[in-house]
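Structure first, then comments.
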């Protein structure tokens, strides 16, 4: 019996509906009915079923159907290649793309973008260059979808100059091409370029409508640079374009508010989005952990499990981080053991966080045992975590042991040598500290300069220790002198042991008084109104004496001071810090 054209159309319409609704049981019933009618060999029906199985996360069922189909058209090939690409199987997508070429079919504006997406997922530059050449050879490079996919592909391969070249040569641009370029700049830390292109997209192309990917990339830039005021404006645009309910945008918004010290804003975003993906849960978990909302971190994890969201390795990293910065050794060990129950093997980052947890708690012998029992070679971050514990608890003998292990690794980052130098300096072993710093100089590496910055409107004010370059230097130093008197009357005494240089007592007192975070806070005190919290960002760890001094400053001035260092957030209010002096 020959199938009627109307029957085929009806079957395809039903199948499209089932694909959109992801209704697998009904789709399987329909497939059985189609086989019974003998319609399965029709190209259009086959194409729709391949797409259905792809969308229901069964790409190998798509492949089985593809292999059984005798007459493969360009559409059939395109469908199976898309099935692999959409289900995170880029190697298979590219393998079948090559098979299609050998089959004698040329790529078109459907298969080339799919292949480019798979190449981007693999960050394979040689493959990217081959695909670009193929697009040129087949004259598909002028197509807006192909050109946009090439921009995105080069950006995700880290080749931003090639992405920009393709972008500039495109006769027409769409939201994907703009988004790909903005994403590429943001991933490489070229924040200014990313923001400039976002502005250009809004100003030049009036037909361009930003999507959730564009907004998420821009919000990521605002988070990385702690551009809170600009981030709030982008949030307004998200609301205006109705993308504030997108999980991708919401995750970036939570990260923005968290990294800018306004975790309450992150909570609000989280509560407003009712359908949450794993990325959103993880974003909220790390926000809670960094802001010392430890109990809330554990509550969210239980809530997440209650709604059947399966945790991943990042989820457990957030939980272990929360335990580490609250000194909860037993709880941390519980979550570490829970990973295997969820089918997750601990990675080097999890081991590093466990070592950090034990080291901070003074359980250095247990930390060493964890390292010895690791199923993989300890990484630099693992040894760095142990060195942090050595510095906190003054165990220079263990620090020397760690140093020997680190040097066996060959070239390491400057951070390890700085940690080692600081551990020796804190114990007054100045010769060993000098040797560690000499190794840095011999490698041609300079220690990262400690910087603190404050956002005022659309300007960022940056300070280094002892900095006198700011146009308000006179007022800043006058405010510090005034604070010094108030703090002394309140009982503050400088702890010069945190000056890791071999200098006399007076010079140590002067050095510590003008650390970058204190200059930034003084600027905030003379600039911002009383009711506004002072938010200071720092690229290095806040020293112990500054931490004590800021508690006194918050008490004497009645101000809320939020400091983000390279490890966590500290909220100072009425002489207390949310970290509980454990960081």
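All residue numbers here begin at 1 and follow the chain in the order shown.
Backbone N, Cα and C atoms are what each Cβ position is placed from, and that goes for glycine too.
Below 8 angstroms of C-beta separation, residues 43, 46-47, 50-51, 53-55, 57, 59, 62-63, 66, 114-115, 117-119, 121-122, 127, 134-135, 138, 140 of the same chain, each at least six residues beyond the ends of the repeat 'PPR' (73-107), sit close to that stretch. Sequence annotations record features per position, and here TrEMBL assigns repeat 'PPR' to 73-107 (among others).
Annotation source TrEMBL lists repeat 'PPR' at 143-177 (among others). Mean model confidence for the repeat 'PPR' (143-177) is a pLDDT of 91.
Taken from TrEMBL, the feature repeat 'PPR' covers 277-311 (among others).
For the repeat 'PPR' (312-346), the residues of the chain that approach it from at least six positions outside its boundaries are 278, 281-282, 285-286, 288-290, 292, 294, 297-298, 301, 304, 353-354, 356-358, 360-361, 363, 567-568, 579-580, 582-583, judged by C-beta separation under 8 angstroms. Annotation source TrEMBL lists repeat 'PPR' at 312-346 (among others).
What TrEMBL records for 347-381 (among others) is repeat 'PPR'.
Sequence annotations record features per position, and here TrEMBL assigns domain 'DYW' to 491-583.
Listed as Cβ neighbours of the repeat 'PPR' (347-381) (distance under 8 Å, sequence separation of 6 or more from its ends, same chain) are residues 313, 316-317, 320-321, 323-325, 327-329, 332-333, 336, 339, 388-390, 392-393, 395, 398, 405-406, 409, 412-413, 416, 582.
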